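Asker: This structure is in structure tokens; I'll ask about it shortly.
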Amino acid sequence: MCGIVGYIGNKEAWPVLVKGLERLEYRGYDSAGVAILHGGNFSVYKKKGRVAELSKFVKNENKENIFGGVGIAHTRWATHGEPSDRNAHPHLSSGGDIVIVHNGIIENYLSIKKILTEKGYKFISDTDTEVLANLIEDIKKNARVNIDEAVRLALKQVVGAYAIIVLSKDDPNTMVIAKVGSPVVIGMGRGEFFVASDATPIVEYTKKVVYLEDREMAIIKNKKLTIKTIDNKIKNPYFQKLQMKIDELEKGGFPHFMLKEIFDQPRSIEDSMRGRINIKNAVVKLGGIENYLDKLVNAKRILIIACGTSWHAGLEAKYFFEEFSLIPVGVEYASEFRYRNPVIYKDDIVIVISQSGETADTLAALQLAKEKGATVLGICNVVGASIPRATDAGIYTHAGPEIGVASTKAFTAQITALLLLCLCLAKEKNILNKKRMKELLTELEKIPKKVKEVLKVDEVVKKIAKEFKNAKNFIFLGRGYGFPLALEGALKLKEISYIHAEGFAMGEMKHGSIALVDENMPVVFIATKGPLYEKVVSNMMEVKARKGKIIAILSKGDKNIKKIADYVIEIPETSDVMMPFIASIPLQLLAYYVALFRGCDIDKPRNLAKSVTVE
Ligand code: G6P
């Protein structure tokens, strides 16, 4: 979480930095701040709240000192210290020589703070970051070293995760960047450099970028870039070309990124399977994992590790793999897995799933699985992010940038990639014959069209959302492939509308949760045609008997359920295994419209951040 931006060059830094912060607001929006080197001193502007608050503040009253070609900026998701102007970054050192922005957590900041306090340093904020600013200043002064060496020596004392950008007013032509755990990318223009937590603030200026690795630091001095490790070993920068397009980062006429991304799904699902299926020959081709197919075939077990919505995609995949590739699958929360002593065998395949590729817990779990000798594959959306770089091999989901904090198109792209992986494995293991494989691939190929069709339920869902905008609670129920969807539907509603919602395996209802049902309880049923249909109908009757308000997502033309349910959302028919692709859409729309009618900030829900780079 938190986004950092830096600029050094011949342009005015302020507009580059502010625009960059707007792009990174998905990472946190508790406060925003900018520091510009102006007339030999740092002008620091910071405000609690969104980047827009900061811009308004500067526009109204404080514009005189914002000019200069060197600056750093930050958008915050608070960890140490409440959201406030005082705790907002950038942080200045006591003597005013050093200014810093930081994404991450310095775990041993209290012990460093104690030593610095005894030396007479004063602290204005409650943050761990201000401690680092003062530590760098202290080292620079006492060891009489330049800024890059002072940063390096300071980092040798620091325990924790960070991506930092540091400036010193004594050395106006130098910018120092370093990272452990949190991401940072450097864009190289003509005589100018752009630094950011991801490539979105950089892409419109240059496509030539270098991603720093853990324990690396970059020193930009007199328009030259040097990369070395924190242990002082020089490295050759590895430049990559960005593939991102700017229009993917705009709302494109939609009122919110979330709605744009929901409606983008026919395209994003298609892109996730593009070039990967050949119906005629009944094969799935996944270039990224080709060299690992033997390992997959011989694996006795798959472990899937993820967080949030990606975890729900992983749970969906458990059903895919068990049905089609006959392999036992465990699905783990990364935050639990990493702190246990999980039993992992050398022939286990671990699949980590992450939209951002930066989730701290998922990254740590991945590293643990690797240490224990497992083969780790990644399913990731952001190309070049930390997770795909750390895995043995993987599959990119190609959903395009997802900016709304509530994940939508990333989920359907993840299940596309996972189903493809599962079918690829089934083929290798000779579990599916050519005819069945062809049937499945033909059905999969139709999914983007069916998603386009299901998006027409928009108005129906909107009406239902209006009815329930004041609900205090919601229940979501599903069986089989519908169970992970019930969890995902509840999560979507919670995160953007702040209504308490729970998802349950439908069959578990009677073991406790049914006690929650009364005439005020909306209960969303995933009730499409499938092998468990009769059981779903029985469960629906049980809820009806207790006067719950039933909202059913059902297969088009199902008269039976129409008679029982209070509200219906009809979706195109498909096979049971493909149902999650279609049924997830009305769940996303329901959350969106309920949040809209409640006046919530849909793309930036309270307390959340899209990329969770702290544990
Ligand atoms: C955050 C986001 C969720 C996301 C989860 C995992 O909590 O708000 O939308 O599902 O992180 O993120 P990842 O990038 O690893 O998929």
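Glycine is no exception: its Cβ is also placed from the backbone N, Cα and C atoms.
Found this in TrEMBL, in case it helps:
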ACT_SITE  CYS2  active site, nucleophile
ACT_SITE  LYS610  active site, for Fru-6P isomerization activity
DOMAIN    2-223  domain 'Glutamine amidotransferase type-2'
DOMAIN    292-431  domain 'SIS'
DOMAIN    464-605  domain 'SIS'
Asker: Can you grab the distance from the residue listed as 'active site, nucleophile' over to the residue listed as 'active site, for Fru-6P isomerization activity'? Cα atoms, rounded to a whole Å.
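Answerer: With distance taken Cα to Cα, the residue listed as 'active site, for Fru-6P isomerization activity' is 10 Å from the residue listed as 'active site, nucleophile'.
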Asker: Please give me the CB contact count at 10 A for LYS610 (active site, for Fru-6P isomerization activity), counting all chains in the structure.
Answerer: 26
Asker: For CYS2 (active site, nucleophile), list the number of other Cβ atoms lying within 10 Å of its Cβ atom.
Answerer: 29
Asker: Using DSSP with the three-state reduction, classify the residue listed as 'active site, for Fru-6P isomerization activity' as helix, strand or coil.
Answerer: coil
